[in-house]
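These features come from TrEMBL:
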type     : residues      : note
DOMAIN   : 1-128         : domain 'F5/8 type C'
DOMAIN   : 134-314       : domain 'Laminin G'
DOMAIN   : 321-498       : domain 'Laminin G'
DOMAIN   : 512-564       : domain 'Fibrinogen C-terminal'
DOMAIN   : 703-868       : domain 'Laminin G'
DISULFID : Cys841-Cys868 : disulfide bond
DOMAIN   : 869-907       : domain 'EGF-like'
DOMAIN   : 929-1110      : domain 'Laminin G'
TRANSMEM : 1149-1174     : transmembrane segment
Amino acid sequence: SCVRKRSQIKITDIFARAGGWSPLDSNERQWLQVDLGDRVEIVAVATQGRYGSSDWVTSYTLMFSDTGRNWKQYRQDDTIWVFTGNSNADSVVHHKFLHSMKARFLRFIPLKWNVSGRIGLRVEVFGCSYKSDIADFDGRSSLLYRFNQKLMSTFKDVVSLKFKSMQGDGVLFHGEGQRGDYVTLELQKGKLSLHINLGDSNLHFSNSHTSVTLGSLLDDQHWHSVLIERFNKQVNFTVDKHTQHFRTKGDSDHLDIDYELSFGGIPVPGKPGTFQRKNFHGCIENLYYNGVNIIDLAKRRKPQIYTGNVTFSCSEPQVVPITFVSTSHSYLLLPGTPQIDGLSVSFQFRTWNKDGLLLFTELSENSGPLLVYLHGGRLTLLIQKETENPVEISEGTNLHDGLWHSVNINARRHRITLTLDNNAATASHATTVSRIYSGNSYYFGGCPDNFTDSQCLNPVTAFQGCMRLIFIDNQPKDLILVQQGSLGNFSDLHIDLCGIKDSENSNLTTLRILAIYEQSCEGYRHQGKTSGFFYIDSDGSGPLGPLRVFCNITEDKIWTAVQHNNTGITRVQGADPEKPYTMSFNYNSSAEQLEAIINSAEYCEQEAAYHCRKSRLLNTPNGMPFAWWVGRANEKHLYWGGSLPGIQQCACGLEESCLDMRYFCNYHLPVTQIVITDTNRSNSEAAWKIGPLRCYGDRQFWNAASFNTEASYLHFPTFHAEVSADISFFFKTTAVSGVFLENLGIKDFIRVEINSPKEITFSIDVGNGPTEATVQSPTPLNDNQWHYVRAERNLKQTSLQVDSLPKKVLEAPAEGHFRLQLNSQLFVGGTASRQKGFLGCIRSLHLNGQKLDLEERAKTTPGVKPGCPGHCSSYGNLCHNGGKCVEKYNGYSCDCTNSAYEGPFCKEEVSAVFEAGTSITYIFQEPYPVTKNASTSSSAIYADAVMSKENIAFSFLTAHTPSLLLYINTYFHEYLAVILSKNGSLQVRYKLSKDGLLIFTIDSGNFANRELHHVKINREGRELVIQVDQVLKLKHNFSEIDFKAIKSLTLGKVTDSLSLDPEVSKANAYGFTGCLSSVQYNHIAPLKAALRHPSVAPVTVKGSLTESSCAAIMEADVNTVTTIYSSSDPFGKTDEREPLTNAVRSDSAVIGGVIAVVIFIIFCIIAIMSRFLYQHKQAHRSSQTKEKEYPENLESSFKADIDLQNTVSECKREYFI
């Protein structure tokens, strides 16, 4: 069982007698750091406030580290997790982690604390001792694992390890054989690549090699886990939590490796197939190859392991990274030594942003300011002096790639040198008229707001990213001293961590909320967003804060999901009424936030499942329950899945299908707690699962009213906005003016109106005379499209925002009245005088965070109708690629029927991998019955079927030439063909009855370069336009066009017996091997029809066709079919099986099942051995012509006879399966 690690905090300051930690200053820069003495596995924490005081922390985050100098934030669902703290000084709040942490140091960072007290904290850490085998590689060392025989031939391999490194490149392991087999795992630019080849001695034949890449920013000096599972040609490749499945190419199913496997590098280059790569520089932990602990063998000096300069403890570089969070306020100020003859500054940076200031210093002796900055991803050094021409040096390209780049600036007298990435051969030099003297102050990343004090200039934006290894005047700068306040100064920095995301996303991971968020997932959907994590703010600027949720945006519904701290199946034993089992759920939010989401949704649900063995829910049907769950308002509920409230039974109790009908089993939201009290008897146990809160629909987003006359209006109770008002709504109209809303007092009033087609005005009078904030639009606002208005007033200012136009802000007078006193009803869509009424629609009206139900009030009001039609006029532009906007009562949807794309906005590509011989043929309906031999008279039959245009669009990716991409033929032996020539150029070939053969060649490059290319061919009448990769390549006017009577369209190889011209026939011999995406011909999408409606559409598929994403496989081998997915969905649904369903069966049934399983396993072993022996004989026969099928789920195959241990730990957990 886990060993409890208790951190004893000894306080020596004035707070010692009260017990607990409380810093002298309570602010956001405080933390409590715990040193656990060694790396341990941390599974939970608990907190209390300071003893006998009003000091406690109400929310906090956690960070962990191996060294205490390079930290990582604890995350859940790819976000920095905020833990709920204490509500008093004495209660203990426990938090069990979804994912354990292995670390020596743990840091508690208070975010909020008791407003009537200070920061106060007592902590306890729970975990297990952690044992591991570690090897340290210095970039020149390696481990060799030598086989007992010359050749190791395997059809199944499992490799697992953890690694950490500061270097972006390096080989983790490599093995190869004489036949051309090899396997290599290596870091490449901070990403992990797996290269594998099975049985091809011709190393230049590209289609037998497979390369797959996962991860990003893996050179962050934090541990990353790797698991590679191969069974014949099927491979699972997992890095951290992300898995890629693929099938390898090659002659056989076996991987044949000669002599040895090397780990940490390739010690003896020059073997057949070996390619030059850097050795790995970093640490590897718990390295297992097919169940063999490689590092353990090396530590014990076993003869099959050769150890080359490897040590068995991880040397930790004492490097402190920093993160520049803000693009406007972040900076780091460090002192230098002024007036030195010359200059020497160096540092490393990484970022996803193209622009940002890296360094500014004012050189001494009037040498001028020196700036180093990124502009367009290029590094620029600039020295400006009023009396001389500026000196400018530029280096590098694409430096915003997320990789670490080093910058060295050296100056001596009149010469300055800029070196990028330590490449002295490409360093740039410049000469200045004046001598260069070092500066006094060095600003990194940005400038302070006060220019008078700093004289710091920034020609671009502030830098947003990470830096490390800062040297000034050849001396390293200790950033921990900066953090402690004893060196330099800073603003908006995270010191001792690099906080940019490990994906190609330019956002920084910061706790600050810098944007105004939508009030529901529905709002993000109508911005054109796709599924993902978002913050929603249900009451706008009301008292409730934003909440992070997962928005699942589908064609049908928009689901909002809120995760809590325990969504897995949990087993319970040893609970009774005296010592009940209790689990409380933390949604990382307040009850009011969750209630706001639920109240505004059309429908909500939450899975509450209970499985039991000899564990009762009720003593008698009307007795005291033994298990229940607690919902909103702390109410106890006794119903479970499949049942109804108040019945106190499960579905089997209602259907009389329970195993023993003498005992009943049982089923508002959200679920906040579960209590179980009957698992303490012999063989008694239970398992439960509470899923995430899931809701769809937003009743307020589309809550609208239509005002049909100027005299019509809706009235509501008086708007109480004495000191602050926040009004937001959408409107659409064709009228030139009208009042949206008005509320009057004796003298005071508040009003929002459209004065003219281009002008919105917010008027307010609190007794000092009217104040008007007006926003003017450059385009008319009465265009019958939805527009957004937000009007705000507080004691300091009055503001008005319309759409994304600049906000109009008026400062409040320093003296006079400030309370807004209203007493009439609130009029919406009109005024008390019934003049200047509004004609049009208003929806989603919010006042101070409260939602007004316009639809319900409109049902009983003459001249006003609930709802508002015509949403496509505003949102139809969100339907892309030929998708059609369809009106709905509440919103709209995109109909992608005639589009080559799919998804909620018709933007998701539909693509597939073609192999040699693959063919898709779409047959067009014959316009009239005709004979095979077309005559002059029959041409009249087709006169009405002349195609006046072709709109063709598709994308492709391939490495093979020649290739036939698309072929259209007619009943008159005319055709249109798109082919790749032998040299990789693109040809469009028209064969017409009057113009003959016309060939249009695009030879601007080799299009068979394993990159995704986009082709558009548009003919309207006689004019032809061809675009490739969004660039106009060709225009042509036909003399006469009569392309008519289309018979069929083929993608890939033409299999019909057609008389093709020689060039087309030559390309058709190979067909097309590669990936085709989103093929469109006029209103027909043949590839989509073949993949989605093969039994209904007039389409024929021949050969192998595998759906895949062309964009996703662009970096991998073009012939490799891969599918990428996360190893767990956003809410941790890892196993939907019921754990205790069969536990109530009789013992005899269990024994019988065990016997049956044993017999089945014996037969399986015999069958596998027979098959293995047979395959071993057939492994290298050249006559293999048919690929075998293998199971997609390989887990049982891998783990039946190999014990995969990523770590050796004293933590043990059991699950019922």
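Just so it is clear, glycine is given a Cβ too, placed from its N, Cα and C backbone atoms.
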Next item on the list: Take the domain 'EGF-like' (869-907) and find every residue of the same chain, 6 or more past its ends, with a Cβ under 8 Å from one of its Cβ atoms.
Entry: 522, 525-526, 528, 530, 553-555, 697, 701-702, 732, 784-786, 953-954, 1078-1080, 1083-1085, 1087-1088, 1092
Notebook entry, point to check: For Cys868 (disulfide bond), what is the tally of other C-beta atoms lying within 10 angstroms of its C-beta?
Noted result: 24
Note to self: Under 8 Å between C-beta atoms and at least six apart in sequence, can you list the same-chain neighbours of Cys841 (disulfide bond), or say none if there are none?
What the structure shows: Ala704, Ala705, Ser706, Phe707, Phe731, Lys732, Thr733, Cys868
Margin query: Please list the DSSP helix, strand and coil residue counts for the domain 'F5/8 type C' (1-128).
Written below: 3 helix, 66 strand, 59 coil
Checklist line | Per-residue pLDDT averaged over the domain 'Fibrinogen C-terminal' (512-564), given as an integer | finding: 75
